[in-house]
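Asks: If you scroll down you'll find the structure; I have some questions about it.
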Amino acid sequence: MPSRKFADGEVVRGRWPGSSLYYEVEILSHDSGSQLYTVKYKDGTELELKESDIKPLASFRQRKSGSTSSSPSRRRGNPSRSRSRSRSPGRRSPARRSPARRSPGRSPGRPPKSSHQPASAAHRADITEIRKEVLEVKLTPLVLKPFGNSISRYNGEPEHTERNDIPHKTPQEKFHLSQDSSYVSTQYSLRPRGEENKLKEIEFQEEEVITKGPASLRTFEVPAAQTKDLEFGGVPGVFLIMLGLPTFLFLLLLTCKQKEPSLLNFPPPLPALSGLWETRVFGAYLLWFFVQALFYLLPIGRVVEGTPVADGRRLKYRLNGFYAFLLTSAAVGAALWWGVDLHYVYRHFLQFALAALVFSVALSLYLYVRARRAPPSQLSPSSSGNVIYDFFIGRELNPRIGTFDLKYFCELRPGLIGWVVVNLVMLLAEMKFQNRATPSLAMILVNSFQFLYVVDALWNEEAVLTTMDITHDGFGFMLAFGDLVWVPFVYSLQAFYLVHHPHEVSWPVACFIIALKLCGYVVFRCANAQKNAFRKNPTDPRLAHLKTIHTSTGKNLLVSGWWGLVRHPNYLGDLIMALAWSLPCGFNHILPYFYVIYFAVLLVHREARDERQCRKKYGVAWDRYCQRVPYRILPYVY
Ligand code: NDP
C-alpha cells in the first residue's frame, strides 16, 4: 500500500496551483487511489494537491537570516537563483522597476517597529505579514475562474461562442486545479487594482530587502515543474534518436552523391576523418553563425511580446528575421559579384554538415550546463530531471544571454536562411556539372518553392512565437540539431539530388506542380494566419463569423473556418507543399521523397503530442472539439 507523508489535521504549506506560491494549509484527508491530499486554505478554499506540492512548515521556517541552507544553489552562492525563488507571478524584472515605487508601503494601522528589533528584520516581518494578508485576499476570486463562473468568464467572447458542459460545482465542493491554470491567473487578473498595486509594492520592497539584506531571506521553496510523461520513447528512445539521426544524415548525403542513389543499396563507405573534418570549414561555419547573430542584434524591426511564461511574464522578441534575410542576400550577391567561389560549399558539403553537427552538440552541452542553474520557473514543461532526456528535449524553456534569445534566434536564422544559400549553391553546382547555361526547370521549381517557404516564415516571424517549439519544448539537442543541421542539410536534399540526377520537367507537369504548391501554401498560410490572429485578439472583427468553443482556461478554440476542417489544417498545407517540392525530381528514386515521408511521420507524431497537451490543457472542451472536428490532418482519411 502506498505510504503518505502528511497526516490528517497537520498544518503544512501547500503550493497554489499554477504558481510558485505556498500558503499555510491544513490536511483534511488523503485519497490512496489518486494519491491526492485534500487541503484547506485559511480562507476556506479546499483543493486537492499532489504530495510534491506540499511542504512541511519547518522547511520554510529554517530560512532565517544568516541560517545555512542545504540547497546546492545556496551553497554555490548563486544570487540569481535565490532571488528568483521568491518570485511571484506577475513580478516585473528589476531593470524595469521604478525607484519611486520602492518606498516602504506599510499597511495602515500596523504597529510601529519594535525598537529592539533589528530594522531590516522588523521591516521584513511587516512585509511578510502584509504580503500574507493580500495574498489571502487574492485566493477567493481566482478559484472561481476554472468553472466558468460569471465573474471570471472571459468577457471578450464572441456572441456565438458555444458553452461547455462543464459541471458547475457548488462552493462546498472541493476541486482540483491543474498547473495549466496559471495561464488564467496571468492573463486575466481579477484582483481589484488597489490590491494589485499594494501587492506589487510589497513585492518590490521584499526584493529590495533580499537584494540588500543579509544573506538568506527566501521565504518559499519552489519545486521544478518537470514531467514524468516522457515522449519519444523515453530515455532509450531519445538516446537512439541522438545517435541515429546524425548517422542517417551522413548516410543520406553520401547516398545522394552516388550514381544509383537507392536507399536499398549497400551504404557507401564513410570518408576518412581528414575528408570529413576541415578546420577552415568549421571557421566558415562559425563566421556564418555569428554574422547571423549580429544581424539579429540590429535594432531594426518591431519588438513584440510572446505568450505568457510560467511566472506570468511575457518575453520580448525583436522581429527582424526578414531584414536579416535581405542583408544576407545582399552579402551573398556581393560575394558572387566579387567572384567568391560558392562552389567551395558544394565541394565541402560533408565537412559543412559535420561542422554544423559539432557546433550543435557543443551548443546543446552549453545549454544543458547553464540550465542546471536555471530557476524552476524557467524550466521547460517537457523537461524531466533525467540528464539524457533533458539534454535532448531541452531543460530551459527560453535560454537567453541578456536579451539574446538563443532558441528564437536558432529557430529561423542560421539554419533556415542557410537552407536557401545551400539551395543556391546546388543550383550553381548543377549548371557547372551539367554544363548548362541556365538551371533546369526542376531545379528552378525546387529552389523557388523552398525560397518562398523560407521568405514566408521570416515575413511572418511573429507566428513562431505561438508554436510548440517556443511555448512548450525546451532548447536542447532536439531543436539545436533540427534547426542548425537537419534543416539546411536534409531539407535541401532535392536540390542536392538534382545536381547529379537531372530530370526534365515538361511545362504542363510544371503547371500542375505549381498549382499543387500554391494550393498547399494557401491552406498552410491561411490556417496559421487565422489561428495567430485569433490568439492575438480573440475579438478581432475579421474573425467575428467564426464559431468557437469556450474552454475553462479562458482561451477559446476555433471550430469553424480552417480549424473546423481538420484539427491541424496547417499540417495538411505543409504536407501538400512538401509533395510539390519532391515531384520535380521525377520518380526514378525514393531519395527526393525522403522529405515528404519523414515530414508526414514527424507531423503525425507532432499532432499526437499536441493533442495530448491540448487535452491536458482544455479537458472536456478539447473532447468537444474532437467530436465536432473528427479528422486530425487529412479530411475523411486521418
Ligand atoms: P500549431 O501552430 O498547429 O499550434 C498548435 C497549437 O494551436 C495548440 O497547442 C493550441 O495551442 C492551438 N490550437 C489548436 N487547435 C486550435 C483551435 N481549434 N483553435 C485555436 N487554437 C488552437 O503547431 P506547431 O507548432 O506544431 O506548428 C506550427 C507550424 O509550423 C505549422 O504550420 C507546421 O506545419 C509547421 N512546422 C514545420 C516544420 C518543418 O520542419 N518544416 C516542423 C514543425 C512544424 P493554444 O491553444 O495554447 O494556443
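Cβ atoms here come from the backbone N, Cα and C positions, even for glycine.
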Asks: Quick test of your reading of TrEMBL: among 474-493, 614-633, where does it put transmembrane segment?
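Replies: Of 474-493, 614-633, TrEMBL gives transmembrane segment for 474-493.
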Asks: Checking distant contacts: for the transmembrane segment (441-459), what same-chain residues at least six beyond its ends satisfy Cβ-Cβ under 8 A?
Replies: 321-322, 324-325, 412, 416-417, 419-420, 423-424, 426-427, 430, 491-492, 494-495, 498, 502-505, 507, 510, 513-514, 517, 521, 525, 577, 580-581, 584-586
Asks: With the transmembrane segment (232-254) as the reference, which stretch in 321-340, 352-369, 474-493, 505-524, 590-608 has the largest tally of C-beta pairs below 8 Å?
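Replies: Maximum Cβ contact count belongs to 474-493.
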Asks: Could you pull the average pLDDT for the domain 'Tudor' (4-62)?
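Replies: Over the domain 'Tudor' (4-62), the predicted model scores a mean pLDDT of 77.
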Asks: Give residue numbers and ranges for long-range contacts of the transmembrane segment (474-493): same chain, 6 or more residues beyond its ends, CB-CB under 8 A.
Replies: 238, 241-242, 245-246, 249, 252-253, 256, 349, 352-353, 356-357, 359-361, 363-364, 367-368, 371, 379-380, 382-383, 390-399, 406-407, 410-411, 414-416, 418-419, 422-423, 426, 450, 591-592, 594-595, 598
